[in-house]
Every structure is written in C-alpha cells, then in structure tokens.
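Reviewing the structure listed below.
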Amino acid sequence: MCRELPPPLGGPPPCCQVCPYGLYAEQLSGCAFTVPRKAQQRSWLYRIRPSVTHEPFHPLNFPAETLTADFAQGVVTPNQLRWRPFAIPNEPVDFVRGLFTVCGAGSAGAKNGFAVHVYTATASMEDSCLANADGDMLIVPQQGGLRLLTEFGVLEVAPREVVVVQRGIRFSVELLDGPARGYVLEIFQGHFTLPDLGPIGANGLASPRDFMTPVAWFEERECHFTVMHKFEGQLFSAAQTFSPFNVVAWHGNYAPYKYDLTRFCPVNAVSFDHPDPCIFTVLTAQSDTPGVAVADFVIFPPRWTVAQHTFRPPYYHRNTMNEFMGLITGMYEAKRDGFLPGGASLHLCMTPHGPDTTTYEAAVSSEAEQPAHLGRDTLAFMFETSMTPRVTPAALGATNIDRDYYKCWVGLKSHFDRNWRPEGQGDNADAPLQNGEGVAPASAPPAGAANGVAAR
Ligand SMILES: [Fe+2]
C-alpha cells in the first residue's frame, strides 16, 4: 500500500490525452452537466485502472429484507414511535449487511425523498466496497469509530463526528475499535449544504473551515474484489481483479467529507423565549421550495441555557415537518427516560409531541430559572424532513420498539387554575375567569399576529 502524492496535475487539462504516470482520467459528476455553475459538483480522478473494469453486476440476495428504498410497502401511522437501542449482533456483520432501513419517503428512482437507516456492524468490510447510486449518505456514528476507505482517500470518524459520502463514490468501512452502531440519512435528491446564516451573520453554527476532505490515498493491489452497487434500493455486486482504491490524485469539489460536531457553534436565546430547533442546523438538503428542506441535520449540543421566564425544554408542538431523532450519548433534555443512546424516535407531521411528564415538572420549578449547562456529555440529533416518511414493516415490528412510548405523556395533568392572577396582584386585579368569559381583541389583528384569550 502506498500513500504517495505525485506532482500537481494542474498543468495538463483535466482529461489529458496521456496522463502523468500513465494514469486513467475519470470524471465523477454529482449533478447534471448543465446545472448553474454555483451548483456544479464534479471531480476528476486519476487512477491506475478505471472503475469500468469489472464483471457484470448481479443481484445480491442480502439483506434485502432490511435495506430498502421501496416505501410503497411502508406502514402509515400517525403514532409517536420510539425504539430502544438497536441491538448489535454477535455474529460477524459488516457495515452494508448491517444496514437496517427505519423509514423513508419518495423514490430513489424518481429522485425525490430520503431514507433513514440504522447500522450495526461487528466486522470490517474486506475486499469489498459500496457505491450508492441512490443518493448521498450522511453517516452518524453512535458507537465505535469507523475508517472509511474511499476513492478519494481515507476518512476516520468517531462518535461526535459525521461523514458524508456522496452518490456514486465507492467506499469501504473498517471498524476501528470494536462493534459499531450509528445512523444514516440518505437523500435521493440534491446534496447537503451549509444553511444560510441570515441575521446571525458570518459566524456561528458550522463553519466551512471545519469540514475536512481526504487527500488522495491509493493501493496497487491485485485481488478478488467485490464492488457492491445500491441502485433503487437494491444491492448488486460485481467482481473485479483489483482494488478500486487506486486513485493517485484527484481534484474537484465532489468529494466525501467529515465534520467534528464539537466544532459546532450553537446560537441561542440570551434573554427570553425559545428559538425553533432550526437554529441548530448543521447541514441541509434543500428542496425546490425555498426554505423547505428535503432533510435537515440538526444537533442538540452541550450548551448553556439562560433564558428567563421561558420554558426551556423543547416546547410542546405539532408541525408540518417530520422528525427522526437519535441520541449519540448522554440524556436528551426533553426525555428523562426511555430515549437512550443507540435508540431513536419518530414524530410524524402534525403528531403532537414534547417533553415527558418528568421533564415538564422539573422545567416549571423555580430552580429552572437559573443559568444551567445542558449536558456536557449529551449529544442528540434530528433528521427533519418535509416529505412524510413511512415506516418499514421491519422497523415497526422490531423487538426494540417501545410500545409504551405514549405513556411518557399520560401523566401530564391539568395545572389550570381559573383563579390565577399575575404575581403581586391581589384582589384589585381583574376578576378571575368565569365560564364563558374571555377577552377578545377590539379589532382584528394583522394576519400572523393574532392574540386571543379563549372564552372557555
Ligand atoms: Fe419536534
């Protein structure tokens, strides 16, 4: 194996007639040739043998029952769903065989939508690689470090880091320190980008300088190598006689990258009230509708919470987006119990959710007004999507699904006191509410700024 870089190949044209070192030039495009320049993503790879040199693809018979992009067969349910940690098998299972699709929407073939997978792995991939023709994969390790051999070089990632491998890039996953588990967000359209910062300004959230791409790494090795190809959710394999990690040099802007989530700079309220969770967006894959994401990757990192007169945990809500959450480590601020590292939850659009009973009662206590640091050892994340996912039958029938999840809210009791008055106001205050009484605005407020007090 070698890690040698040749002199820069910037002199000759990208597709030179005869490349330096006798290499083959090969372009990998991540978009249509004709997209606007700002959206253009492509790289040139200079390799010992081209990637086309392989035997025909044949369908691969594993693990089709758990890895899918066919969501027409998925289950429709508005219920709040939660899974206990996904079990890591005892037998040797590599990254690809350990992929388990939880939910998804749209179509890999029609290029819309996404899929959410969990992976568990106990073995490194040996003389095999995966190329995903369906979309980009954002991999979120939860347990165990991974070493990704890619056509572009080597990326090592550990829990609290993420890696993005774009559509079509061949990669192999080795385990760095034992059994591994994590989450994958796959998008069937577009690519992940950094969110706009708007009034936040030039700094804050994820900084471009912290995203790392590999340098070229190659091996010139003859072997029986298996190239796996995921195409419309199905796996195919082709044999070739050499390692595909034979790219001696590359240039371009279509390349895998990693990001250390501890480099994320959270922005939050410093006086009162609770920003929406989009304030913690690390990466976004935008749809064709401005401001609407196919999928956002959002984290809930350790941070100070200081807002006063504010219910600090995530508020109770219903919304048009769908929220798949996972926990990398620690204890999530809205759930004191049951949401565990390696597990997951799914709240579908317009299904109500929010903090559990224990969290609510703690958050409304007087002590909760003090500045506090939210879990130095906690890191939760959310895949937030605009298209409504269906849950795979395998995920809904999984032995680790928490069928008692709804009970975490059952204990939320009424605190309504119709005799309540603002603090410091005694009998001189307005009369307490009576049945059928309320306060209505004198005139219609402007759209989007309504305030109302219910009559009952
Ligand atoms: Fe939510």
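Backbone N, Cα and C atoms are what each Cβ position is placed from, and that goes for glycine too.
What TrEMBL says about a protein is an automatic prediction, not a curated fact.
Database features (TrEMBL):
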ACT_SITE  HIS274  active site, proton acceptor
BINDING   HIS317, GLU323, HIS353  Fe cation binding site
BINDING   TYR332, HIS353  homogentisate binding site
COMPBIAS  438-456  compositional bias 'Low complexity'
DOMAIN    16-261  domain 'Homogentisate 1,2-dioxygenase N-terminal'
DOMAIN    263-416  domain 'Homogentisate 1,2-dioxygenase C-terminal'
REGION    421-456  region 'Disordered'
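Among the recorded positions HIS274, HIS317, HIS353, the residue whose Cα lies closest in space to that of TYR332 (homogentisate binding site) is HIS353. With all protein chains in the displayed structure included, the most crowded Cβ environment within 10 Å among the binding-site residues TYR332, HIS353 is that of TYR332. A Cα-Cα distance of 16 Å separates HIS353 (Fe cation binding site) from the residue listed as 'active site, proton acceptor'. Sequence-distant contacts of GLU323 (Fe cation binding site), defined as residues of its own chain at least six apart whose C-beta falls under 8 angstroms from its C-beta, comprise SER345, LEU346, HIS347, HIS353, MET382, PHE383, GLU384, THR385. When Cβ atoms from all protein chains are considered, those within 10 Å of HIS274 (active site, proton acceptor) total 16, not counting its own. Same-chain residues that are not part of HIS317, GLU323, HIS353 yet have a Cβ within 8 Å of the Cβ center of the Fe cation site turn out to be PRO314, ARG318, ASN319, HIS347, THR351, PRO352, GLY354. For the domain 'Homogentisate 1,2-dioxygenase N-terminal' (16-261), the model's pLDDT averages out at 96.
Checking the recorded positions HIS274, GLU323, TYR332 against ligand 1, the ones whose Cβ sits under 6 Å from it are GLU323.
The C-beta environment of HIS317 (Fe cation binding site), restricted to residues of the same chain at least 6 apart in sequence and closer than 8 Å, consists of PRO352, HIS353, GLY354.
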